[in-house]
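Each remark here refers to the structure printed beneath this line.
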Amino acid sequence: MADAAAAVPGDPRDGPTVLDSLGEDITRIVYPVTTCMLLVVLLVSLLSSPSAPSPLAASIAATTGGGGVSGGGDDIPTALVTALTFVVAVTAATFLLALLFYLRCTPCLRAYLGFSALSVLLVLGGQVALLLLSRLRLPLDAVSFALLLPNAAGALALAALAPASVPIALHQAALVAIAVLTAFWFTLLPEWTTWALLVAMAIYDLAAVLLPGGPLRVLLRLAIERNEEIPALVYEARPVDPRHGRNWRLWREGGQPGASSTTVEVIGEVLGRNLDCNSGYSSSPQVHEVATSAGDANNSRPRATLAAALSSADSSIAQAEEVPVLQEHRVAVAEMRVPLIQPHPERYGEEEEDEDGIGLSSSGAIKLGLGDFIFYSVLVGRAAMYDYMTVYACYLAIIAGLGITLLLLAFFRKALPALPVSITLGVVFYVLTRTLLEEFVVQCSTNLLMF
Amino acid sequence: MTVAAGLGYALIALGPAFSLFAGVVARKPFLVLTLLSSTLFWLMSLIVLSGIWRGFLPIKSGTWWAYAILIITSVALQEGTRLVFWRLYKKMEEMLDAFADRISKPRLSLTDKMLISFAGGLGHGVAHAVFFCLSLLTPAFGRATFYVERCSKMPFFLASALIALGFLVIHTFSMIIAFNAYDEKKKCDQIVVPVVHLAAAVMMLVNLAPGGCLIGTPLLLVMAVLTLQYCWRVACRRLTEHQHRQLNN
C-alpha cells in the first residue's frame, strides 16, 4: 500500500498531463456566473416574500395556517404585453445604437455608460442596502450611510469602467455587483411578467443575431468594418496561465475552404486554449485575427450577443508570415461585442447599460457580457422564489446551456447569441422540476426512501 | 432550529463532499466540468424517473411493495445512466488522447482516469445529496424542527442528512469501481456495483416500519464504509499493477 500511495501523486514519469489545465477557460467563466447567481438567490431569499409555497413547506406549515401568497394582480395577457413592449423598445434602441456608432459619437456613449453604472450602484444599491439593513436589523445611522453609499458607489463605478487602473479582481467584483443589483431589481417584477420577459429576450436575441435584418447583425458588420473598440460593461475572465507567458490563442484560419475541423480539434481548441502554443503546435500555425469591435452602450441596456466573428485583416496576414520566425505568436483574437440596448419600461425611470455576449478578448480570455449575467440570475432568482429545488435544477440547466453555447461557438465560428440555449433549458427544467420532480422527491424523502 | 442547525445538517450531508471538492476536484478545471456534467446527468435521470412515476403518486402508505417497485425501477434506471456515462466518457477519452497527441503532451495517465471517474461519482453523489436532502432543508433554518411519524426518535432533517451522506459515499466510490471494472472488463466488479446500489436502496425500505430509521440509517452507513473499503482495494491493486508494469518496461 505504501508503494501505491507513493505512486499515486502525480506519476512523476508522466509529468503534467493534458488534464492539468484543460477547460480552465470555461471554469473561469462558470465561477463568476455561479457567484452572481448565488448572490441573487441570497438576496431574494432574504428580501422577498415567496410567490407560492412549495409542497413541503406547505405540508410542514399546514398547522400554522400561513403561506399561500398569490402572485397578485398578474396575468398572462399583461405579461405578454409588457414583454412585447420591452422587446420592441430594445429593438429600437439597438438600431439607435447602431446609428450612433455609425456616426462615431463615442464620447457621449462613454459618458452615458458611466452615468448608468453610477446610477445602478447608487440608487439600486442604496435601495438594496436599506432593505438589508432593515431586514437584518443592522445598526447604522443615517449620516454614516449617506457618507458610505456615494463613496462605495463611486468607487465601484470607477472600478467597473476603468479596468486598466484597478486590480482586476476589483473590476470583476464591481461588474458582478452591478449585475446582481440589476438582476435583483428584475426579480421584483410579477411572476408571469418575468417569465414572459425572459422568453421574449431569448427569442429576440436569437432573431436579432441570426436574421439578416437583425439590429445586432447590422451592428456586428459595422463593428467588423470599423475595427473599433467599444467601451462597455463586459466581464472578462482572468487571463489564464500567466506562467505560460501569453494569453494568445490560435484559431484555425476561417477562410480555408473545405477546412472542416473535426470534433477533436474544435473541442481541443475550445478547452485547451491556454495550453502553451509554443510547446509544439506541430501543424502549421494558422494565425487568425478576429476583428475587434465593440458597441457603445446607449441609454438603455445594451446586450451583446455571443459572437466570434472572424475576418482577416492585413496585419494578421503579416503576422502569419512572421509566425514561424517569431518565438511568440501574436494572435489577436478580437471580441465581438454587440451591445443590444434595452430601455426600461416606461414606469421605471432607470437606465443603465451593460453588455452581453461571449467573445474572445484581445488578451485571450473569454468575455461574457453583463446582460447575460443579469438574465441568468433573474431566472435563478425567480426560481428561488418558489423553492430551492428549482434553483438547483435551473442552475445546472443554465450552466449546461452555457457550455453548449461555447461548443457551438467553437463549431460555427460566427456570431451566436448567448441567451437562447440557457434560457430555454432553464425554463424547461423549471417547469419539469415544479410539475414532476418535486412531488416525487417529497414523496420519497418524507418516507426516508432514497436511492 | 435556527441557522446553526440548518447549516449543521447541510454540512453533515455535504461536508465530506465539499472537502473532496476543494482538495481534489477544484485543482483541475476539467474535473469541475466533469462534476457538473455528471450532476446534470443524474438530475436528468431523476426527472425521467419522476415523469414515469408521476401518475402513480401519491402512494398509499400501507403498500410497501409499491415502494419496492419504485426503488427497483429507480436503481435500474440509474445504473443504466451510469453505463451511458461510461460510453460518453470513453468517447471523451479518445478525444482527449487525440488532442494530447496533437499538442505533444502525454496522454491521460491512470491517475487521471481515476480522477475523472472520481469526479463523475462525486457529481452523482452531490446531485443526490442536493436534491434529496439540501433542497428540503429550508424549513430547518427556521425556528422549529420536524419529525416524521414513522421516525419519532430522530428529526427528519438529521435522518435525511445521514442517509444523504451514506449515499454520497456510495455513489462516489462505486463510480470508481464501476469505471475500473468496465475498463478491465471484470465481470464480478461490474455486478458488484449495481448490487450494492440496490442493496442500499432496498435497505431503505426498513425506514417504512415505525422506528425503522434507527436501524436503516446505521446500516446504510455501514454499507457506505464497505463500498469505500472495496474501492480502496480495487484502486490500490490497479495502481500497484500499473506501477509494476511501468517498472518492468
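Placement of Cβ uses the backbone N, Cα and C atoms for every residue, glycine included.
What you are looking at is a predicted structure, and each value in this text was computed from that prediction instead of being measured.
Residues or ranges marked as transmembrane segment in TrEMBL: B:6-25 (among others).
Listed as Cβ neighbours of the transmembrane segment (B:30-52) (distance under 8 Å, sequence separation of 6 or more from its ends, same chain) are residues 21, 24, 73-74, 77-78, 80-81, 84-85, 115-116, 118-124, 126-128, 130-131. What TrEMBL lists as transmembrane segment is B:30-52 (among others).
Under 8 Å from some Cβ of the transmembrane segment (B:64-85) lie the Cβ atoms of residues 38, 41-42, 44-45, 48-49, 52-53, 56, 120, 124, 175, 178, 193-194, 197-198, 201-202, 204-205, 208, all in the same chain and six or more residues away from its ends. Per TrEMBL, the feature transmembrane segment maps to B:64-85 (among others).
Annotation comment: TrEMBL describes B:115-137 (among others) as transmembrane segment. A Cβ distance under 8 Å defines the sequence-distant neighbours of the transmembrane segment (B:115-137), meaning residues of its chain 6+ beyond its ends; these are 6, 9-10, 13-14, 17, 20-21, 24-25, 28, 30-32, 34-39, 41-43, 46, 82, 85, 89, 108, 157, 160-161, 163-165, 167-176, 178-180.
Annotation comment: TrEMBL describes B:157-179 (among others) as transmembrane segment. Sequence-distant contacts of the transmembrane segment (B:157-179), counting only residues of its own chain at least 6 positions beyond either end whose CB sits under 8 Å from a CB of the stretch, comprise 5-6, 9-10, 12-14, 16-17, 20, 82, 86, 89, 113-114, 116-118, 120-122, 124-126, 128-129, 132-134, 136-137, 140, 145-146, 148, 151, 189-190, 192-193, 196-197, 200, 204, 207, 213, 216-217, 220-221, 223-225, 227-228, 230-231, 234-235.
Long-range Cβ contacts of the transmembrane segment (B:191-209) within its own chain (Cβ-Cβ under 8 Å, at least 6 residues beyond either end) map to 64, 67-68, 71-72, 74-75, 78-79, 82, 150-151, 159, 163, 166-167, 170, 174, 177-178, 181, 215-217, 219-220, 223-224, 226-227, 230. If you look up TrEMBL, you'll see B:191-209 (among others) marked as transmembrane segment.
Per TrEMBL, the feature transmembrane segment maps to B:215-235 (among others).
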